[in-house]
Amino acid sequence: MTLRVASQRPQHNYADALAKSILFYEGQRSGKLPASQRMKWRKDSGLQDGHDLNVDLVGGYYDAGDNVKYNFPMAFSTTMLAWGVLEFGGFMSSELKHTEEAIRWATDYLLKSTQTPDVIYVQVGNPYDDHDCWERPEDMDTPRTVYSITKHRPGSEVAGETAAALAASSIVFRSSDPSYSLRLLNRAKEVFRFANMYQGSYNDSLGKWVCPFYCNWSGYKDELVWAAAWLQRATNHRYYWKYIKKSLAYFEPGYQAKGNSYVQIADNTGEFGWDNKHAGINVLVADTFPSRIEANDVELFHFSADKFVCTVLPESPTKGVQYSPGGLLFKPGGSNMQHVTALSFLILVYAQKLSANKRVVRCQDKVTDPNRLIELAKSQVDYILGHNPLNMSYMVGYGNKFPQRIHHRGSSLPSVDAHPGHIGCKDGTPYFASKDSNPNVLIGAVVGGPQPDDSYPDDRAQFQGSEPTTYINAPLVGLLAYFSSHPMN
């Protein structure tokens, strides 16, 4: 099956969608909101976070439609927002300022979370109690328990992703705020040292408090290499490239020795998201190091990045994803739109690399040029914005038809302005069960998306399809920035 951009496809207002995709992050803010807050129905929340431990953990983002602050997906969202600026910030126009503000809201919090040597605070909020309530963040009275990793209770995946976020963001602020940039970079180095020196998974250290919510299924080695790759890009220091080189065998599928036997290594070349960084590492390394390093070594990353393309391309003989009848990419695992935006972002970034080097990708007998990859990424963005069988935008507030009953506590409950009184834990249940549209429009939120047959029930209870997340939007910001300047009529 070949998906082509139809000539009669309606032109979307990518600049408008870009502005809204960034505005969404203001709806996810935790902490003391600034005077510049544009999403006015949101108010201050979580102002005592960390108080029990005499640590300031106020700020950061709620990951999705609940009121827990999970640092693992928050850090990944930050890394992706930063990567979007580094690749496509020149196309963001006035929205660059807002994107940098969204990044800084996260990095300010990540700095707080890593301020104590050899301790990283990785989560705020008891997830079981929180998920048992349907309550506005401004009202939440569930335990704001703080969970941390230490050298005795390691968590290399969340520490590695935090280091990546800080390193990537340090490049973003290098020109506009050099002192802040240096602070981010120095902290990234410290956090990477901690992640690497005390290796282990937070699945084991924190157990049920992180699993199954953001359980790390792919292991933590990928986050360590991901962090090293971002530190290499931020510093150009050979230490980090040597670290990446030592990990090359980890990225080659097949069998590797373990004791007196061999264990099978999974092929992760087509995987990328908050949990699995393999495809992202291959594209990042191939994009970052054109000639400064050993050609034979970097060629492996080019090979793997090409292989990634072949797992996504609809006409590829080695395709590893499915497409709906309307053309939306589908992969198993969680809300589907996270795969759509993350993989499309990688496709677009790699297409720029291929174009600059006048290269093509060969998927057995299929030869694909950069324009085809850009076309594929655009088809996914256009589907999200309404070019689909339902003629429905999956971005809240964009277009004339979009999800009305999203799985999001703050959006679905009356705002503090409309209902100043406290709404308790179970008092929100009728609002959750209601068939009414959400009273507060979470502008820019992209939901988990439709079913594989392109249908969409618009049901608050079906959270896989109706819940927005920070990590769905983060890669989309860069995509929209590019297409706002390259509409491809």
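Including glycine, each Cβ sits where the backbone N, Cα and C put it.
Annotation source TrEMBL lists active site at His407 (among others). The number of other CB atoms found within 10 A of the CB of His407 (active site), across every protein chain shown, is 25.
Marked as active site by TrEMBL: Asp458 (among others). Counted within 10 Å of its Cβ, the other Cβ atoms near Asp458 (active site) come to 18, all protein chains included.
Non-local neighbourhood of Glu467 (active site): Ala64, Gly65, Ser335, Ile406, His407, His408, Val447, Gly448, each in the same chain, at least six residues away, with C-beta under 8 Å from its C-beta. Here TrEMBL flags Glu467 (among others) as active site.
Over the domain 'Glycoside hydrolase family 9' (14-480), the average per-residue pLDDT in this prediction is 93. Residues or ranges marked as domain 'Glycoside hydrolase family 9' by TrEMBL: 14-480.
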